[in-house]
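Input: a single structure, listed below in structure tokens.
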Amino acid sequence: MGSEQALSEVVESAKERFGRLRHLVQKFLDDDDVPQECLPLLQECAEIWSSYVDACQDITMQAPKEDANRLSKGFLRLNETAFLYYMIVYTLLEDTLPRLKEFSSNKDQNVRNLYGERIQLLHNDPNIERIRNVIENYPKFIQLQTIEPGKLSSMLHFHGDALLLIDVRPRSEFVRAHIKCKNIICIDPASFKDSFTDQQIESVSLITSPHSDITFFSNRDKFKFIILYTDTQLHNNFQQRQTRILAKILSQNSVIKPLSGTKILILENGFSNWVKLGGAYQSSVSETAHLTSSSSTPAFGSPQVPTGLFNQKSLSPNKDKSMPMVSMNTQPLLTTVQRPQLPLYYSDLPIIPQPSPNRNSPTVQKFSPHPPTTLSKLNTPSTIQNKANTVERISPDIRAAQAHAYLPPASNVFSPRIPPLPQQNLSSSRQTILNNSQVLDLDLIVGLENIGNCCYMNCILQCLVGTHDLVRMFLDNTYLNFINFDSSRGSKGLLAKNFAILVNNMHRHGAFTPPNVRTIPVQTIQFKKICGHINPMYSDSMQQDCQEFCQFLLDGLHEDLNQNGSKKHLKQLSDEEERMREKMSIRKASALEWERFLLTDFSAIIDLFQGQYASRLQCQVCEHTSTTYQTFSVLSVPVPRVKTCNILDCFREFTKCERLGVDEQWSCPKCLKKQPSTKQLKITRLPKKLIINLKRFDNQMNKNNVFVQYPYSLDLTPYWARDFNHEAIVNEDIPTRGQVPPFRYRLYGVACHSGSLYGGHYTSYVYKGPKKGWYFFDDSLYRPITFSTEFITPSAYVLFYERIF
């Protein structure tokens, strides 16, 4: 095997490329308000042609830097942009304008002359043919090359200054151990996607990286070789795929620094193989035994191995004789990286006694990324689906699991809880936590910088950071065990990791804060950039709805940690299955739907925040019903337009039976036509952490400012559906998963809104335990409340409750 191997990656063909560009031209013309008079249309052509000329000048300036055999994708995009401008003008002059009625009858010589000049410019343009050739001849395959470990070791020894190594693994793995090289950086594989350019790698992927990494990457064009490597034994498909994507970005998507003089290579077989063969690496002491224990006799790096990898051919044939064999110590050089011990966590909240385990008050189990044991005996997904879709009784073995369904944890419990699951060997950090006696404060008091109309984000962050079970998993790094790199629905850990960074910064500045000490506000700009990268809605400085941001953040964290995120969505129920489901009690049907939901959506976020409600339509003629089940992490309840109301009025409004208007009547599948019908919502699952949005804005964005009275202690048991016929039915064949009344809650956070949706301001109140009490947060400012019920406010918009017993 040679020192370099070509890896072909199929890219867009010339035919596909031209088809895509012509589609964009047509889309522009369809979307644009094209003038219907000759002179204005000619003027628009002149403006677009000016843009075309500018694009051609950019191409001319960039062309000398381009290798004809290795054009960058940035250069291709310049040519594509120019081609788009040309084709828009071409279509307008050759097709659109001659079709205008005014054109054939127009006697204005000035218009005729202008048209002739534009056509002449179009047909005599000297650039378009060259632009077409670049687009047509852009490589159909991108050649990625690999380098053998022996050759890399030799190059590091003799030409180390000419090499930049990029470790494409999570930073935690990089810190534990990486190839020994002074010019090395780490780019997390979850921090970029295939559409990125080198500029986005610098501005997004490296946003939280050390300054040295950013400096090395900004000087990447000064290195003769860039070597990428990952670990082929961990997250195999994802990390290898991301490494190849990064190589393509650097070779083809380099916009600000084309690497025409730099060769990009990928280390063959990754980091584990490098260590196994005796390559030099830097490691924390705690990882040394693990890395070396599985290594066989080094294949290179030892004088006793004359036939080792160092006898292979060099990257450059003419350098073979000038590169003598390198003798390397078989014991890698170690740089000790001390790991801080992870402490226990402290909360001012009083410890609430847990009920003793029994049928109605089950025990709490630890979180595990495996599917629920209540379905573990069903061996295949199809079997699971069939069981969940029918009324057939589930195996009696499942009944025993009912004793393990859990209730919300008391505040002295160490980790987020999830239903009873098979155990998996998790990170040793959990044991470190349990074995350490140090105590940390979870009631963080620190302000957040407002970097421009981001108060909607700050108020939600303050309330979520008041959720101890959520904060705990991001402080002790438990969340890292559950990032799903294979899921196509999340950001592959990008959002979760940056949320963890923010939480740790808030903890660093806001833990153990004395009442009379003012802390430095925490910067949120990096976290907001990541949010804007994932959802462009949050990329600018426009004001947004805080409850929508809360929904976005919880959904994003869930998808990053979703253990079943890579599974296909379940098929919809058949008509027969729906009919059978309608015959069930509401408790049984909703529990089955929840089990189906967990098969594709299973995370600690679901465990903490997710609830469920049923929506039932009923025909008033034949009484046929149809019930659907929806999950929620933020429950939006309507605010009645009255002078005064309390939150239970909102829940009554939410769950009342509504007679549908003529325009909204349900098309009854039994009557086979639209009939007078009703709709009713019932809450079928109440979560541990209940987030309630008071719907103050109507469809026209008019705000209802009525003062909604909400209590510190809230009992929602009457609004938890036992059954539509009010029968208390106990299901013995499916787990309760904590859905055992009563459902009593305690308020711990309030997000407030004053003003209009587009011109208002967001603040928050958060409970910091009995010693510190309630605090008011207004971006970077904070203070204790000035009177005991200040947090009960007319401006309340989103309420945060936690379940108690």
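Heads up, the Cβ atoms here are built off N, Cα and C, so glycines get one too.
Note that the coordinates shown come from a computational prediction; the quantities given were computed from them, not determined experimentally.
Straight from Swiss-Prot, the features:
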DOMAIN    159-283  domain 'Rhodanese'
REGION    359-380  region 'Disordered'
DOMAIN    446-804  domain 'USP'
ACT_SITE  Cys455  active site, nucleophile
ACT_SITE  His761  active site, proton acceptor
Reduced DSSP assignment, the residue listed as 'active site, nucleophile': helix
Cα-Cα distance linking His761 (active site, proton acceptor) and the residue listed as 'active site, nucleophile', given in Å to the nearest integer: 7
Residue counts (helix, strand, coil, in that order) that DSSP gives for the domain 'Rhodanese' (159-283): 56 helix, 24 strand, 45 coil
Other C-beta atoms that fall within 10 angstroms of the C-beta of the residue listed as 'active site, nucleophile': 23
Under 8 Å by Cβ from the residue listed as 'active site, proton acceptor', counting only residues of that chain that are 6 or more apart: Cys455, His753, Ser754, Gly755
Rounded mean pLDDT for the residues that make up the domain 'USP' (446-804): 90
